[in-house]
């Protein structure tokens, strides 16, 4: 039986969390089995075409790197939850795994924001030259700034996340130990605002402007925009899907959970209901590590063509070998 103790003010609650033993290992296993090869392929494809890097593919490379680093930590979490929250890997590893999760989460959000701004400039300001003058050099500097901001935002995870003891078993707390919930609250809310709400607002502003241009009559749109229309629409759809599945539900339930667990007078059933809602959305926040490579596939024509060529070649070889086997 998986149980968690929670203390808030005068309340001392014990949560029943058997669902984590099934849901979390299942989702994390899917993310690991799909995310590891998909992101490795994206990085490999970009590396092979490194002489023809564009600003978008540079952002995609950094996005795939963040995803790949995160999915490599998932076997530890899969083991943890299949063993009823038992964490045998030590306090530093606990902190580092939680740090990887939030670094990937907010890094993905910021790199998707950069990609959206890049696409916005191409659609709404196709003749502007200021963002093209330094080209790839400026893009690499932006990526370095994103990594710096994300690491700085997530470093307090090493302070708050830690191991603890529940029912004589070592566990790894995600946000903070229950007795530090009040001190974690300001940081958790600040991280949500700076790491999710502000980038999300920027993405919405870009997409609203892009939608206005894309919905204009054909004769009012330049030829350069015509060529980018389908690509932009695909990107908008996929980014909206990523936010709908991975980012928005997680941050909504996390914010509510932070508020209720800092309230000393709420009854235990209410605390448990919000804890379950938050912990059910947490594994789906990892799904962006699978969805991000799909974004790359549908927005990069050369990658689609090379992938189809590889699949056709493999299929032809299989049919050839199959015919030889039966022919003999």
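Cβ atoms are placed via backbone N, Cα and C, with glycine included.
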Of the ranges 23-43, 254-274, which one does Swiss-Prot list as transmembrane segment?
23-43
State, for residue 83 and residue 168, whether Swiss-Prot gives them the same topological domain name and hence the same side of the membrane.
yes
Check each of the ranges 276-298, 299-321 against Swiss-Prot and return the one annotated as transmembrane segment.
276-298
Name the residue range among 140-160, 161-181 that Swiss-Prot annotates as transmembrane segment.
140-160
To the transmembrane segment (232-252), which of 23-43, 58-78, 190-210, 276-298 is linked by the most Cβ pairs under 8 Å?
276-298
Other than its close neighbours in sequence, what residues sit by the topological domain 'Extracellular' (79-96), given a CB gap under 8 Å and a spacing of at least six beyond its ends?
1-2, 4, 17, 20-21, 24-25, 28, 73, 157-158, 161-163, 166, 169-173
Long-range neighbours of the transmembrane segment (140-160), counting only residues six or more past its ends (CB under 8 A):
58-59, 62, 95-96, 98-99, 102-103, 106-107, 110-111, 114, 175-176, 180, 183-184, 187, 191, 194-195
Who are the chain neighbours of the transmembrane segment (190-210) in space, where the CB to CB distance is under 8 Å and they lie at least 6 residues beyond its ends?
102, 105-106, 109-110, 112-113, 116-117, 119-120, 123-124, 150, 153-154, 232, 236, 239, 243, 247-248, 251, 254-255
